[in-house]
Amino acid sequence: MATPCAEEDPLARYRSPLVSRYASAEMGFNFSERKKFGTWRRLWLYLAQAEKSLGLPITDEQIKEMEANLDNIDFKMAAEEEKKLRHDVMAHVHTFAHCCPKAAAIIHLGATSCYVGDNTDLIVLRDGFNLLLPKLARVISRLADFAETHADLPTLGFTHYQPAQLTTVGKRCCLWIQDLCMDLQNLERARDDLRFRGVKGTTGTQASFLQLFEGDHSKVEELDRLVTAKAGFKRSYMVTGQTYSRKVDIEVLSVLASLGASVHKICTDIRLLANLKEIEEPFEKDQIGSSAMPYKRNPMRSERCCSLARHLMTLVLDPLQTASVQWFERTLDDSANRRVCLAEAFLTADIILSTLQNISEGLVVYPKVIDRRIRQELPFMATENIIMAMVKAGGNRQDCHEKIRVLSQQAAAVVKQEGGDNDFIARVRADPYFSPIHEHLDSLLDPSSFTGRAPQQVAKFLKEEVRPALIPYQSMMGGKIELTL
């Protein structure tokens, strides 16, 4: 097949499915070139405004000209300039200067490329967190409602993926929520820990600005403070090389990778529960699970989350390696890698949160299936209760234990060797030895008596930890997610 012209046919060029297929428009824009280069121009404006306020010869007319052209970006011209200059920042300096001829002389005054590059990255990372946090809060809120609704519904617990003591559907969901609440706290901390790079010059010494202000250190410090405030940050990093420390990127991607681990665990549980036919993710009326097997109801949303969460978890390796090989004040081998991993981490996190919200808004529970599985396993779990009841009725503990051992082994053989149902209780009812407690067997086998404090734990956890954590996001809780499958 001949290679078609990509300019004539956009489908002839590879597009990342993170953007073309999955991510929200808001997160896609956050990492777009329009957002990036528009932010560069705003940073040049902030710098000029601050320099003017501190006495440099910059006119109101120059400032107004810059303000009027913040989004008037000739991307074609910028691309041509970059092709010629082999320098993206200078290409955009020239492009901005072209539409601001009066301000051309003072654009980028005293700055280095990382003034716009790194500071823009920090703004984009901050804004990315601000997009993710409400989404994560909505997922937690939906799951909290689900947990509250099913706080008392007994279900078979599993350890080692083998039947264990009973829990409740709501309590199991709270395990998911607890992990996500930790992620919420970690994302908030990572966002709030972000500082502005500020105006630091080529190697972080602020030498160019000290020269501009004729050795006035206080004005250089004030310039840094003013620009930092204009960009919406409370603090800037006190010391930098040419770039801000790449350990910051490690922190950012670490919390996102941790979120990926949480989502992967939750969606794996949902996939296993779907196999057990106890809980299913939403399944549309006309949705097709398999082209060959019409009966299939595949948990494809949860599978998508797991697939993308694995990608998200691996991305943290990039900033770890990048930070470790930055020589002295900086090397450029960070640049291409960061263009990929930072954007992909936030886009991927955005996708899995949107998908998980959609799942959590439509989880379907099948209580009768859950109850049937409990009834298959509960008789064996109830043996201790039966022994205690017999002793209270005057029986001998050792004799009772032996009787139950024999009957339970017989029942287990029916289940494992014959494929039948667990008939242990029927055997107990048929044995005259247990006649003193026959009328109490139903109460001894009530599943709710085996769930301990699970319902109370759910109520306390939701009230004291979950709901308070969601208070800052109350105004952003509306809206359901409709996925493009």
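In case you wondered, yes, glycine gets a Cβ from its N, Cα and C as well.
Model, not experiment: these values are computed from the prediction.
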Candidate sharing the substrate site with Arg21, Tyr22, Arg86, His87, Asp88, Thr112, Ser113, Arg304, Arg330, Ser335, Arg339 (per Swiss-Prot), from Gln178, Gln242, Gln398, Gln409:
Gln242
His160 (active site, proton donor/acceptor) and Arg304 (substrate binding site), distance between Cα atoms, whole Å:
25
Roughly how many Å lie between the Cα atoms of Arg21 (substrate binding site) and His160 (active site, proton donor/acceptor), rounded to a whole value?
36
Nearest-integer angstrom distance between the alpha carbons (Cα) of Asp88 (substrate binding site) and His160 (active site, proton donor/acceptor):
54
Taking Cα atoms as reference points, which of the binding-site residues Arg86, Ser113, Ser335 is nearest to His160 (active site, proton donor/acceptor)?
Ser335
Just going by other Cβ atoms within 10 Å, which of the binding-site residues Ser113, Ser335 has the emptiest spot?
Ser335
Could you tally the C-beta atoms, other than its own, that fall within 10 angstroms of the C-beta of His160 (active site, proton donor/acceptor)?
6
Cβ packing number for Arg86 (substrate binding site), 10 Å threshold:
9
